[in-house]
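Colleague: Feature table excerpt (Swiss-Prot):
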| type | residues | note |
| --- | --- | --- |
| MOTIF | 57-67 | motif ''HIGH' region' |
| BINDING | Glu554 | L-isoleucyl-5'-AMP binding site |
| MOTIF | 595-599 | motif ''KMSKS' region' |
| BINDING | Lys598 | ATP binding site |
| BINDING | Cys888, Cys891, Cys908, Cys911 | Zn(2+) binding site |
Amino acid sequence: MKLKETLNLGKTDFPMRAGLPTKEPVWQKEWEEAKLYQRRQELNQGKPHFTLHDGPPYANGNIHVGHAMNKISKDIIVRSKSMSGFYAPYIPGWDTHGLPIEQVLAKQGVKRKEMDLVEYLKLCREYALSQVDKQREDFKRLGVSGDWENPYVTLTPDYEAAQIRVFGEMAKKGYIYRGAKPVYWSWSSESALAEAEIEYHDLLSTSLYYANRVKDGKGVLDTDTYIVVWTTTPFTITASRGLTVGADIDYVLVQPAGESRKFVVASELLNSLSEKFGWADVQVLATYRGQELNHIVTVHPWDTAVDELVILGDHVTTDSGTGIVHTAPGFGEDDYNVGVANGLEVAVTVNERGIMMENAGPEFAGQFYDKVVPTVIEKLGDLLLAQEEISHSYPFDWRTKKPIIWRAVPQWFASVSKFRQEILDEIEKVKFHSEWGKVRLYNMIRDRGDWVISRQRAWGVPLPIFYAEDGTPIMTVETIEHVAQLFEEHGSIIWWERDAKDLLPEGFTHPGSPNGEFKKETDIMDVWFDSGSSWNGVVVNRPELKYPADLYLEGSDQYRGWFNSSLITSVANHGVAPYKQILSQGFALDGKGEKMSKSLGNTIAPSDVEKQFGAEILRLWVTSVDSSNDVRISMDILSQVSETYRKIRNTLRFLIANTSDFNPAEDTVAYEELRSVDKYMTVRFNQLVKTIRDAYADFEFLTIYKALVNFINVDLSAFYLDFAKDVVYIEGAKSLERRQMQTVFYDILVKITKLLTPILPHTAEEIWSYLEFEAEDFVQLSELPEAETFANQEEILNTWAAFMDFRGQAQKALEEARNAKVIGKSLEAHLTIYPNEVVKTLLGAVDSNVAQLLIVSELTIAEGGAPEGAVSFEDVAFTVERAAGEVCDRCRRIDPTTAERNYHAVICDHCASIVEENFADAVAEGFETK
């Protein structure tokens with residue numbers, strides 16, 4: 001027998017290298033075959049509900065890192081709730097209707113307008129489902145646990161029927177109406193857009209300053225007066241029907257030198273405009289409040305048959321322009337509101353493709369709206385006072401990336417104004433994990449207009465509206481419920497397969513259709529109405545979920561998207577918000593903080609991370625960042641996270657190896673019988689348990705990450721495990737000292753594995769497979785540990801906090817000795833301590849081998865003052881010299897008692913007593929010398 005075989009060197013097959021990329025899929029298959037998700041739900045039946053409702057990603061293409069961050073975050077929350085006494089099923093979902101899928105088919109050569117609509121919709125459905133399958137595998141590969149075989153998909157018959165019923169309830173309450181209000185219009189998509197489908201970019205536009213001649217000054221202005229107007233959308237002058245001024249803004253009537261004409265502009269802007277127009281020696285003839293100019297009549301700059309009325313509007317400012325804006329009710333929300341209130345015509349001079357129509361005038365007809373500036377300038381003639389190019393923030397179609405326009409077209413709207421206050425009141429009841437999120441959503445609802453819910457596309461859920469022969473819209477409780485039942489049985493495609501009369505209840509009549517003829521609506525619903533109905537299609541309709549949901553967790557862009565639409569439809573139907581809490585996340589940026597873009601080549605695909613590092617590293621990264629704000633990710637950042645993972649893994653491997661001969665049922669030492677240092681580590685660990693439990697409850701992943709890494713690096717690696725080898729390797733295998741420490745090791749190992757499970761389920765299960773004494777066959781079926789409290793724990797914490805300060809001072813003294821070449825490593829040291837009474841009391845209180853704690857071979861606590869040259873601190877001083885004696889071949893300490901034993905071992909007296917007691921046969925035979 002060799003001497004080193006008398007050491008209790010930890011033994012384990014748990015690999016140092018994780019091999020995550022190859023092992024994770026194997027484990028995931030094992031979990032699926034073991035039906036772990038289903039077993040977890042069965043275990044939690046009857047417990048309090050926790051419903052995290054999954055916001056549906058759009059089913060198009062493989063997932064990106066933003067998807068991964070979101071789904072991993074949800075998985076961590078659901079797993080932690082499932083292990084904390086909650087019934088927390090997770091139903092993943094997908095959003096499947098809308099323009100992107102139509103665009104994909106178009107790129108594939110499918111010509112929608114040249115084929116049967118039903119066949120086209122079947123192609124859309126087929127493609128959408130293929131993308132659901134693709135993304136499902138992507139999400140499962142991340143280790144996300146959920147009911148993957150029974151997800152919700154917005155194109156399924158049951159979901160579409162639920163959506164129709166949401167619409168029906170809103171129609172019954174009078175919230176659905178048809179109007180020709182201006183809406184965001186995408187000429188590139190040939191469809192209206194919702195606010196959530198808009199993004200803003202800088203756009204270079206031509207702005208014009210021009211003048212309208214006064215036709216009827218109402219006794220205030222003469223007819224040789226011109227009112228100066230500013231516009232950044234010259235094409236809308238073709239539909240201008242009024243000029244709007246601010247009621248409380250001061251305006252001046254001026255005449256520049258050399259001009260026969262008089263002009264009206266905002267007083268505050270006169271100086272800057274005079275410079276812009278080249279006016280000199282401007283004479284101010286009069287000053288008016290805006291309300292004095294109300295109802296003055298001017299003439300359209302080139303269409304003299306059109307009068308333009310001066311009206312009042314709150315939206316007019318003196319921040320830029322002239323303080324007067326031309327008003328085209330067909331091309332702007334503010335214009336529409338003040339225009340209709342004053343009886344102005346709602347003229348629309350641009351068609352759905354952005355082409356100017358005949359009513360714009362023969363010079364404009366057929367031109368693209370954005371190309372008419374030269375024609376407008378020509379028509380204005382000497383009424384044009386100035387032009388300039390400006391860069392301003394402008395709305396774009398978020399899918400086609402093309403600028404959009406406001407355009408009044410007949411659309412279906414969901415009223416928000418009719419129950420706005422009710423929505424705002426519900427927002428006050430929701431818990432927002434970011435206060436700014438509450439403000440953002442509140443302001444959006446407060447300021448938003450009614451919701452245009454109709455779209456002029458094909459792939460979507462039809463609006464369940466019929467028209468009588470006289471054009472009267474029909475959407476009764478009876479007709480809508482009948483459509484819902486048809487969709488539930490056949491899917492919404494039946495709308496396109498059948499004639500209107502075959503979609504109505506049998507025997508249905510209407511006074512507007514004396515001949516029994518009906519038409520059906522051809523517009524579909526906004527996709528935000530699809531996903532915004534999920535609270536009904538999923539949370540209400542799935543028996544395992546509970547409405548309202550406890551939590552919605554999505555990106556911060558969803559304040560204008562899913563959070564918004566879900567809130568409106570839920571309050572409209574039931575008077576309550578669909579969620580109790582909102583947690584929002586920022587965007588994933590590259591390592592430099594730049595937005596990820598395929599064109600920039602700075603994207604990171606989750607699949608690439610899985611191949612190089614494993615999904616576990618992506619999961620750990622999610623906890624390492626504050627995802628309430630924008631976060632950074634790169635392969636370099638992931639390498640750093642991987643290094644942290646390696647430290648966690650190797651620390652736990654040490655615990656596994658050094659408890660391999662520990663049977664918790666037989667070998668556990670009661671807390672009261674532990675050494676002070678072991679009690680301290682137990683108390684510290686339970687502080688960690690509480691911190692992590694609380695952080696899981698508050699969805700504070702970064703807190704978990706920091707607390708866990710700090711405990712492993714500082715409490716374990718840099719302290720407890722640093723001197724542990726002197727106990728667990730060297731003392732007798734069954735000695736009290738070793739069992740005391742193993743008790744702490746095992747407790748930490750089991751509980752930290754459970755605490756890690758929501759974040760690192762693959763690694764946790766791998767560790768669990770080595771814990772043969774634990775009852776559950778999978779750690780995912782266990783519960784998170786509860787934090788314990790202990791008698792005198794504050795006293796223990798205070799004692800050891802003081803000792804850690806003392807230890808830091810001792811380490812500085814040892815470091816100085818090392819630098820002076822007195823010693824090499826600390827085990828070569830004889831440390832002499834010169835304590836005051838406080839430190840002397842402290843050293844007596846730790847009831848442990850202080851030399852062992854400081855990892856020195858010899859320690860002396862001296863009486864009296866410290867000699868000259870000692871390393872001194874306020875309460876203590878140290879001297880360091882090389883320890884006397886020889887190195888023990890077994891414990892590696894330098895000890896005066898180290899000697900050649902008659903059984904061929906050069907060991908100290910302490911090791912000799914251990915060897916002679918535990919290895920009598922080897923002592924009798926003598927140890928091998930080679």
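Cβ atoms here come from the backbone N, Cα and C positions, even for glycine.
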Colleague: Count up the helix, strand and coil residues in the motif ''HIGH' region' (57-67) according to DSSP, in that order.
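Modeller: Tallying H, G and I as helix, E and B as strand, the rest coil: 3 helix, 1 strand, 7 coil.
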Colleague: In the same chain, which residues outside the set Cys888, Cys891, Cys908, Cys911 have their CB within 8 A of the centroid of the CB atoms that define the Zn(2+) site?
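Modeller: In sequence order, the nearby non-listed residues are Ile730, Asp889, Arg890, Arg892, Arg893, Asp895, Thr898, Ile907, Asp909, His910, Ala912.
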Colleague: Looking only at the motif ''KMSKS' region' (595-599), what is the model's average confidence as pLDDT?
Modeller: 83
Colleague: Quick one: pull the CA-CA distance for Lys598 (ATP binding site) versus Cys911 (Zn(2+) binding site), whole Å only.
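Modeller: So the alpha carbons of Lys598 (ATP binding site) and Cys911 (Zn(2+) binding site) sit roughly 65 Å from each other.
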Colleague: Roughly how many angstrom lie between the C-alpha atoms of Cys911 (Zn(2+) binding site) and Glu554 (L-isoleucyl-5'-AMP binding site)?
Modeller: 61
Colleague: To the nearest Å, how far is the Cα of Cys891 (Zn(2+) binding site) from the Cα of Glu554 (L-isoleucyl-5'-AMP binding site)?
Modeller: 56
Colleague: Could you find out if DSSP has Glu554 (L-isoleucyl-5'-AMP binding site) as helix, strand or coil?
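Modeller: The three-state answer is strand.
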Colleague: For Cys888 (Zn(2+) binding site), name the DSSP secondary structure in the helix/strand/coil scheme.
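Modeller: Note: Cys888 (Zn(2+) binding site) is coil by DSSP, not helix or strand.
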Colleague: Express the distance between the Cα positions of Cys888 (Zn(2+) binding site) and Glu554 (L-isoleucyl-5'-AMP binding site) as a whole number of Å.
Modeller: 61
Colleague: Calculate the distance in Å between the alpha carbons (Cα) of Cys908 (Zn(2+) binding site) and Glu554 (L-isoleucyl-5'-AMP binding site), and round it to a whole number.
Modeller: 64
Colleague: Far apart in sequence but close in space: which same-chain residues, 6 or more away, have a Cβ under 8 Å from Glu554 (L-isoleucyl-5'-AMP binding site)?
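Modeller: Correct list: Gly55, Asn70, Gly561, Trp562, Phe563, Ser584, Gln585.
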Colleague: Tell me, by DSSP, whether Lys598 (ATP binding site) is helix, strand or coil?
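Modeller: It is coil.
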Colleague: At 10 angstroms around each C-beta, which of the binding-site residues Cys888, Cys911 has the fewest other C-beta atoms nearby?
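Modeller: Counting other Cβ atoms within 10 Å of each of the binding-site residues Cys888, Cys911 gives the minimum at Cys888.
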